[in-house]
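*Asks:* Annotations per TrEMBL:
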BINDING   His154, His317, His321  Zn(2+) binding site
TRANSMEM  102-122  transmembrane segment
TRANSMEM  134-157  transmembrane segment
TRANSMEM  169-190  transmembrane segment
TRANSMEM  202-223  transmembrane segment
TRANSMEM  319-337  transmembrane segment
TRANSMEM  357-379  transmembrane segment
Amino acid sequence: MHCCHSPETIQPATTTVPPSIRPSLMATIVMERIGRLFINLQQVRAVPQMLTEVAPSMPGTLRDTEVPGFFRERYIHAGYRPLHQGWRYYFLSLFQRHNETINVWTHLLGSLLVLVKFLQLAEMVDFIHDAHAWPLLILLLSSLAYMACSTVAHLLAAKSEFYHYCFFFLDYVGVAQYQYGSAVAHFYYAVEPDYHRWVSSVFMPTATFLCCLSCLGCCYGKYRNHSLRVWVRKVGQVVPSAMAYAWDTSPVFHRLLLWPTSHSDDITSAASGVVGDPAISFHGGQVAFFLSSAFFFTNPLPERLFPGHCDFLGQGHQLFHIFLVICTLCQIQASHLDYLGRRPLYTQLHGEGGAAATIYLVQYGATQVVCVCIAVFMARKVKRLLDCRDKSK
């Protein structure tokens, strides 16, 4: 037999807190919340200790006098990681303070920013079915590639001399791919009709050749690290890359030169129906940030002015990374705006069906294969060189 209750009989009784007890109750609640916050802060502070427990044998960093000369950087006196440790040590050194920490994190965070941008664009751009979007896809993939390769190189290259060569050869492969990605995006989206008429038959073949030449020059300069002077190696590495940059970005330079006199009623506006040029500021930004990055790549500043004071933070190579990341983000934004706003123009120049974009996509894969083969060939030369040196000892 079930008992029936009226609604009044099942309502919970309400307790009235006397006014004299309310302050103490509020104080108890506040203290509990402060206690929870304190516990959370304690957990955050325990993270370094947890990492230490995970890797209790993590060795400390070394002075420049304690590592082979090959690993020393000019004006950097400390923060070098010891050689010949387990791979686990070098991976975990991502969270350790050393002279490569900022170099690793700048391009690691940069690659995450590019990945976020990639995912945002994937919601607006049909990268699968729209062949005209493939040059933008190549730029995004090549940007991710060079930042990822740079991150791996700076993180793991301290393992040994052989791996130092190998990982920086990988880095140069990534740089070469980025050069190709820049070339195809600029030639496809940013080029003006008159410049396209001048270079249409030679632009991408030349860009591909310079991309592979840049990879070879950088790898060979690194290979001859011991036998050539610093300035000779720098010339061998910088000149091919500078030639590739000048050629790959020439459509943007041409467009920037035309803009002051033609931005109000330029060819692009007439062809596309777009008033003004929303991408021009981003193109100008990418050029300015790239030239800034090139300055810090070729000049060890500010560490040359403050030797031994930039071992962790403030190296010119770190500034090079930061400016290059910003340059890449400007470049991606400019190419996306051009993809949206200049479609009537680039479909007229490259064809409605996107056949040229298909060729460039296939060529991108072939260029990757060639650059990887260059890196593998140079790694084998390094292996033979180191083996001969070890046998002669």
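Glycine residues also receive a Cβ, built from the backbone N, Cα and C atoms like all the rest.
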*Asks:* Find, for the listed binding-site residues His154, His317, His321, the residue with the lowest Cβ contact count at a 10 Å cut-off, counting only other Cβ atoms.
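*Replies:* Result for the binding-site residues His154, His317, His321: minimum number of other Cβ atoms within 10 Å at His317.
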*Asks:* Can you work out which residues elsewhere in the same chain, 6+ from the ends of the transmembrane segment (319-337), have a Cβ less than 8 Å from its Cβ atoms?
*Replies:* 102-103, 106-107, 109-110, 113-114, 117, 121, 125, 135-136, 139-140, 143, 147, 150, 178, 182, 185-186, 189-190, 278-279, 282-283, 285-286, 289-290, 292-294, 296-297
*Asks:* What other residues of the same chain, not counting His154, His317, His321, have a CB atom within 8 A of the CB centroid of the Zn(2+) site?
*Replies:* Glu100, Ile102, Asn103, Val104, Thr106, His107, Ser150, Gln315, Gln318, Phe320
